[in-house]
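Per TrEMBL, domain 'ABC transmembrane type-1' is recorded for B:15-197. According to TrEMBL, the feature transmembrane segment maps to B:20-37, B:49-69, B:81-100, B:143-167, B:179-200.
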Amino acid sequence: MAEAMIEFQSVTKQYQGGQPAVDQLSMSIDRGSITVFVGPSGCGKTTSLRMINRMVEPTSGTITVGGRDVTSVPAAELRRSMGYVMQSSGLMPHRSVVDNIATVPRLNGVSKADARKRAEELLDVVGLDPSLGKRYPSQLSGGQQQRVGVARALAADPPVLLMDEPFSAVDPVVRDELQQELLRLQRDLAKTIVFVTHDIDEATVLGDKVAVFAVGGKLAQYATPEEILRAPASEFVASFVGRDRGFRHLGFTTADGVAVHPVETVTRGGDAGAHPDSWRLVVDEQQRPLGWEGPGLDSQLIPGGSLFRPGDTLRRALDAALSSPSGLGVAVDGDGKVAGVVKGAEVLSVIESARRARQGAL
Amino acid sequence: MEWFLANSPMVFERAGQHLVLALVPMILGLLISIPLAQFSRRHSALRQLVATVSSLLYTIPSLALFIILPPLLGTRILDPLNVIVALTIYAVALLVRAAMDAFDSVDDDLRQAAVAMGYKPAARFLQIDLPLSLPVMFAGLRVVSVSNISLVSVAALLGVGNLGMLFTDGLQRNFVTEVVVGIIAILLLALVMDALLVILERVLTPWTRAGSIGTGAKAQSGAEFLADAKVHAGAGS
């Protein structure tokens, strides 16, 4: 059992003359893990997050961080000990990127030169070119701004990071990159991260544990993402998690048992007969997949589906097969070269045997 | 022109007096308006009151104010202090509303972000709210600058030294050249002050002119993102 870093004890937040925004919340957040608060609008997830750094004061109950009641520390000092990342990057438009990142160290009395030096290092940590440091936030893209927001939150090396829907305003491709980047950072940093989102997919990708909130500020289920998808605790959780939960649950099992078959490939530009009688994979000189040529299609290149990489999950394997025009999911190796293909039916039989194995284990 | 050349020392002296009488109230007005606006902005009843009272203040005729003030302040009618106080009242009347608008123009998300990072209220106000409100604040200051420079000339009727005396003197002597020189001098003074304020604003708010790709970049493509990442990888290796 992991050690608790943040604890809510019967915490209630009630605004004047209304339903409670958070109702008798008791939960324990593990040190060094990512805990995701997820739920529909008005479920109290953001309010709960903001009570941790006292942006919102609870009506009753106590919250402790590292064993200390948060009300025992002056609010400003408490907040400086926690990184905070918000949806609209919240960067100060009148300060350069480097000075934005240096904000909290400067508030803590670190000299300007030292704080800037640290800020420049952090640009590198979050995957940004140090030359961006002199720019103003408005000169960065949305995804870059969010990276700067993360760097700013990390600047004073706080043990706790609070993230309030940080990736919900960027487009899906950038969001995916930022999520992977956060997971990569977390492997090195092992912060205690509390992450708020309304997106159950994001919650299951990022969370070591996921807390599903129901409207009215009640905690509906608090478990690992795998368990929430496999065994929702109530109708509400099941409907919130959505119809695809069976498919998404496949994202927790690696597809090691799925066979990779050889496939006929043809190099682009090479003359290999204009009318193939079966599906052929078109590759470039480095053997990287470009698309498919199909029977009766005049060597016209048809874009391929998603790729299946070593170590990927059953979900990726099945998606590779389902999204491919030939029905064959393209498997690539670590360098992106074609390794072969996976077949949908075989992925399904691996899924079925995984299910049997799980039942046998119960 | 000949008259101006012959009397230029006098004109410059009057212009100097004029500038002091216009500028000092503007600065005092700003110093009073900023805390007043910041305080009353957050209480809707007080905000209404301040907005109404400031409009009413601006409707008081300046001549009336110049005459009422000496008995209230215990000053002599010729004392420039009367003009300073009167124009400070007008400056506050204009600036308190401009300052409230200026503070409203600061994105509340940024205030939240500042609080979340651990800013205390005073530091947040000085380092976040105040600089970010400058663009709107300067719009108000430019109005006050022009308004004050024009109002100062009224004080010439009471005999307080400024460029307006060229009007009163020219009128009494039925000497048009002097009046025209007065008009041109006041106009030039207003233009120079306005230009100085524009330059000051540009110096104080460099970020507002930084080329912005950020607004359109919220929906930036992954390709560009990856290109950035590659640049970075290249720089690291």
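Going from the start of the chain as shown, residues are counted 1 onward.
From the backbone N, Cα and C atoms, a Cβ is placed for every residue, glycine too.
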Positions on the same chain near the transmembrane segment (B:49-69), where near means CB under 8 A and six or more residues out: 36-37, 40, 75, 77, 82-83, 85-86, 89-90, 92-94, 96-97, 100, 151, 154-155, 157-158
Folded-back contacts onto the transmembrane segment (B:20-37), same chain, C-beta under 8 angstroms, at least six residues removed: 50, 80, 83-88, 90-92, 94-100, 102-103, 130, 141, 144-145, 148-149, 151-152, 155, 160, 162, 189, 193
Tertiary contacts of the transmembrane segment (B:81-100), as residues 6+ beyond its ends and Cβ separation under 8 Å: 21-22, 24-26, 28-30, 32-34, 36-38, 40-41, 47, 50-51, 54-55, 57-58, 60, 62, 65-66, 69-70, 73, 75, 133, 136-137, 139-141, 143-144, 147-148, 151-152, 155, 158, 160
